[in-house]
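**Student:** Here TrEMBL flags E264, E506 as active site, proton donor. Marked as active site by TrEMBL: D397, E531. Among the features that TrEMBL reports, compositional bias 'Basic and acidic residues' is placed at 126-137. The feature disulfide bond is assigned by TrEMBL to C460-C492. Residues or ranges marked as region 'Disordered' by TrEMBL: 100-146. TrEMBL lists 23-43 with the feature transmembrane segment.
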Amino acid sequence: MRNDAVLPGVSASGMGLRLSQKFVFLLFLSGLVTLCFGALFFLPDTMRLKRIFLSKNENPAVTVGSDNVLSKKVPGDPEHQRAGLKGGEGATVKLKVSRKPSVTHGARTVERSVGSRAQDEWSPAKAHEPAARDERVTSAAQNGQRGSAYSYETFKKCLLKPPLGKNKGTPSDSETLQRREKVKEMMKFAWDNYKRYAWGKNELRPLTKNGHIGNMFGGLRGASIVDSLDTLYIMGLMEEYEEAKEWIQDNLDLNSNGEASLFEVNIRYVGGLLSAYYLTGAEIFKQKVLELGEKLLPAFNTPTGIPRGVINLGSGTSWSWGWASAGSSILAEFGTLHLEFVHLSELSRNPLFTEKVMNIRKLLNKIEKPHGLYPNFLSPVSGNWVQHHVSIGGLGDSFYEYLIKSYLMSDKTDEEAQKMYYSAMEAIEANLVQKSPGGLTYVAEWRGGILDHKMGHLACFSGGMIGIGADDGPAGQKQHYLDLAAEITHTCHESYSRSATKLGPEAFRFDAGAEATATRLSDRYYILRPEVIESYMYMWRLTHDPKYREWGWEAVEALEKHCRVEAGFSGIRDVYASTVSHDNMQQSFFLITLILHHLLEKSVSLRLLRNVCSSLNHHCVSLHYMFGSFKSHLTEAFYWRYRVMTDI
């Protein structure tokens, strides 16, 4: 029999065709497998399959906009751990501690470019990598265990003074001591009534004696408690502080599923928890803030990396405010994340938080700015300005504030923030700063090249901001900035002194013969805002001019007379009415207003670095480490943390 005989019923040609089909099929199958495996390289970094099949040692290029924040140095590098003392004029002492996030490189894959979806995975060397959920980084609890954990005890050793200083800043003269105790009594009164009538709610309604939750915090509760942590601790109200801490531990549930303002959650909850942790070292605050920080990250998942303003804390979906022009993001919102997110990276050892905010800077530096100004509305999709409305009040304010304070907080190493701030200040002076016929200096708003001669209460923080930045501006400009800061602060004081209640309106104008006065009924209300008091305190710290303390005390007396009611403090609807009408809301940020008053009455001797100003340094920026704004507790808390001070 021949060896090549075919089976019965099957022709040779049929067998040849079947072999050919098999070859084609195998060729197609091998191509399909190759194509599928290759497609893994194009999946987002958070996809589970990619983490399974691809090596964790790949290192694509990282572009986040600033080389001096994401350093290539490992934590053991001597420059990364510098903590030496540097002498200065007048026996000035400077504690040099790197504020840069400690970044462990080697096994992380980060890829970002403007115009593509920002989805990042962070994998530190020798760390276990849990599965991702909803495009988020791993849980806060696991973050704290990666690499070298942040040590609060090590941090404390970097301080030359205890967190609250010597004698807790007790003033030597009896009048100042009485004033400080009065402010402390006001805080206790506000707290006790909140506890009695609104415990666990976000704010107190003092007239109706009940709580208010609102819809700004995505289902989170206890905003007044979180807002009060540092205030209670600094004032020495330790029983109340322990009550607040216990509530945070047992009742602050971050697993909400509501629609939250990214900005408000960051400045109230993230800022409040961060400051409480740095003041006390209580691990519960660190645990909570890292868990909450992760929940905010999906807001950055936009084509440009510019976060949207509203986020569902449960699902991670985000969108822009309905009132924001053409679905834009707001300058003061995405620009008021930097300080907190840098510290989230510091505590978690996860660089992703810092990368997110550095990407914002990268985009802002790339796009054209009209007359050097930063408009308030930016598209998170295209990365272009939506309309040319510029203001250092609402919608713009804290963006500028965070620039100068990021520079100071970095021990003056964040040169990008420095450049952006002083360039913005130059443009603001050239286009917005005005002088009224009566000699009052104010900062107008700019709408497509047309000035609106209006200044909001929110813009009154700028006196203090310009003051703390005076020392590091262009050569020969320090006194100019100090003078400008004093003039703007004086104007804001005039907005208070020209009202019947001696409290300032929400906005005041300089047109139609009016100066520093609200001419519209809709601008006449006062909701216990702290911006004016913040500038008083900065200027007091900078100049030691007693008028700023007196102006602060005038405001305390006005609060007592017009805002104190039976069960707390309430905003008022018309500051020009001799008989006030209350709005039935004790805002959580009023408790920050009180700590600013309290600090005004502190006995402080701040030694200057490099002749900051006549004899005193910055309020909460102490000696080059700054720290937030009244909005973010990083103001008050960092003042007590990264400072070199005497007798506070």
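Glycine is no exception: its Cβ is also placed from the backbone N, Cα and C atoms.
Whatever TrEMBL says is automated annotation, not expert-curated.
Give me the lay of the land around each of these features.
**Tutor:** When other Cβ atoms within 10 Å of the Cβ of E506 (active site, proton donor) are tallied across all protein chains shown, the result is 20.
The Cβ neighbour count for C460 (disulfide bond), using a 10 Å radius and every protein chain shown, is 31.
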**Student:** Taking the Cβ of D397 (active site) as the centre, count every other Cβ atom within 10 Å, in any protein chain shown.
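**Tutor:** Excluding its own Cβ, D397 (active site) sees 26 Cβ atoms within 10 Å.
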**Student:** Work through the recorded positions one by one (C460, C492, E531) and name whichever has its CA nearest to the CA of E264 (active site, proton donor).
**Tutor:** E531
**Student:** Counting other Cβ atoms within 10 Å of each Cβ, which of the active-site residues E264, E531 scores lowest?
**Tutor:** E264
**Student:** To the nearest Å, how far is the Cα of E506 (active site, proton donor) from the Cα of C460 (disulfide bond)?
**Tutor:** 10
**Student:** Out of the recorded positions D397, C460, C492, give me the one sitting nearest to E531 (active site) by CA distance.
**Tutor:** C460
**Student:** Expressed to the nearest Å, what is the distance separating C460 (disulfide bond) and D397 (active site) at their Cα atoms?
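**Tutor:** Per the Cα atoms, C460 (disulfide bond) and D397 (active site) stand 9 Å apart.
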**Student:** What is the interatomic distance between the Cα atoms of C492 (disulfide bond) and D397 (active site), given in whole Å?
**Tutor:** 15
**Student:** Determine the Cβ neighbour count for C492 (disulfide bond): the number of other Cβ atoms within 10 Å of its Cβ.
**Tutor:** 29
